[in-house]
Amino acid sequence: MSETIAALATAYGIGSVSIVRLSGKDALATSLKLLKLSNLEPRYAKLAKIYSIDDEILDEGIVIYFKAPASFTGEDIVEFQTHGGVMVSERILNELIRAGARLAMPGEFSKRAFLNGKMDLAKAEAMQGLITSKSEIAAKILTRQMQGDLSKFVGEIRGEVVKTLAFVETMIDYADDDLPANLLEQTKLMLLKNSEKLERIATLSEQRRGLIDGFKIAIVGKPNVGKSSILNSFLAYERAIVSDEAGTTRDRIEENFKIGSHLVRIIDTAGIRKDAGKIEQIGINYSISAINEADIILAVFDGSCPSDEQDKEIIRLISNSNKKAFFILNKSDLAFKFDIELDGAIKISAKNDSSVVLKELEGYLKTQDTDEIMLSSNRQILSCKEASEALKRAFLRLNEEELEIFAYELNSAIKALASITKPFERSEILDEMFSHFCLGK
């Protein structure tokens, strides 16, 4: 990290203000080459003219110097706050590179902040998630994680396991001594308690991942029951072609939109039927796949027709999926003939009004909100599961008083927990994670 890096910290394009950021041991010296100043006072905003290396004036703006270690990265940082637009910031960035800085890689500022102890990995992931969040509830969850709630949760469990490991390794050196009975029971309780905590947070985070990424909602049913009409009604524009001809939708259509404070991804699928042609059958296979990957299913039936084997097959597929499902009986403006009793079925006329379905969805999504700590990435979920399983294995080894293997399992749990906040094997994990961050962050 000896090089001084530079990047545009604001979005590329037209705007009122652009920020060009430098970080590194030579950030101040490099910046002063573009300023006719002898120094900059740390943490003071200085209005200054900004020049090229060839003394051509580039802009006039605010320059702020953050002296290490009191900065985002823990290194010296200088920020140029200039007039917005593409060319001004590009010219300043190019001159800083001419002056000795290097263009930063995506996420390199955040990576340096992590390596310098300014944030842990959980906070870094939450920060990136917050930047890309598209719903109010996601922003709330990620803000809480940025404040350190997850780091504290993991740290407390890790501390208890480390303390136990230190004691057990001492006991291994004195193998002739028996473990005190009261300590044995306390340790067993600690292992079970923390294993359950980790398993619970991993399960909750998997089940409610839609709070952060958006819930996937699949609209399924036979051809020509009104699935596309419902989609168009939700979006308030004609996204899908609506026709009386069966099989009009042959591929799945996906759109993002918000229901209340929640982001959802709605999937309109091809109608499920047994006598489909080859191309349509591919669409039907996508429909079945959509059921498997969806968080919520909207099963649409034609209320003006008696049920048939295809309706029963759709109900069977949904029942086997164990997913939250809403049963919708469409075409309520026509004589009702559907003869299968469906608990909580919603009767609508999609061509007139589908708002009752949106209200039901909004009500259900609110029940998924939680004040509990959540994991924001698959990596965190996997690490929690690994730590939980290691503690379970340690419990079994402790029962058999196999202290060496018990200590090994505790070490496995500690390593899994550390990977959430401060991984032992840093380089590969960090390179992969920070490469997805914004340039200049």
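A Cβ is built for glycine as well, from the same backbone N, Cα and C atoms used for every other residue.
What Swiss-Prot records for Arg21, Glu79, Lys118, Lys441 is (6S)-5-formyl-5,6,7,8-tetrahydrofolate binding site.
The GTP binding site annotation in Swiss-Prot covers 224-229, 243-249, 268-271 and rests on sequence analysis.
Its Cβ taken as reference, Ser228 (Mg(2+) binding site) is surrounded by 24 other Cβ atoms within 10 Å in the chains shown. The annotation Mg(2+) binding site is assigned in Swiss-Prot to Ser228, Thr249 on the grounds of sequence analysis.
The feature domain 'TrmE-type G' is assigned by Swiss-Prot to 214-370.
Taking the C-alpha positions, the distance from Lys227 (GTP binding site) to Glu79 ((6S)-5-formyl-5,6,7,8-tetrahydrofolate binding site) comes to 52 Å.
Using a 10 Å Cβ-Cβ cutoff, Lys227 (GTP binding site) registers 30 neighbours. Under 8 Å, Cβ to Cβ, and six or more positions away along its own chain, Glu79 ((6S)-5-formyl-5,6,7,8-tetrahydrofolate binding site) finds Ala9, Ile19, Val20, Arg21, Leu22, Val63, Ile64, Phe66. Ser228 (Mg(2+) binding site) sits 50 Å from Lys118 ((6S)-5-formyl-5,6,7,8-tetrahydrofolate binding site), taking the C-alpha atoms as the reference points. Recorded residues Asn224 (GTP binding site) and Lys118 ((6S)-5-formyl-5,6,7,8-tetrahydrofolate binding site) have their alpha carbons 57 Å apart, per Cα-Cα distance.
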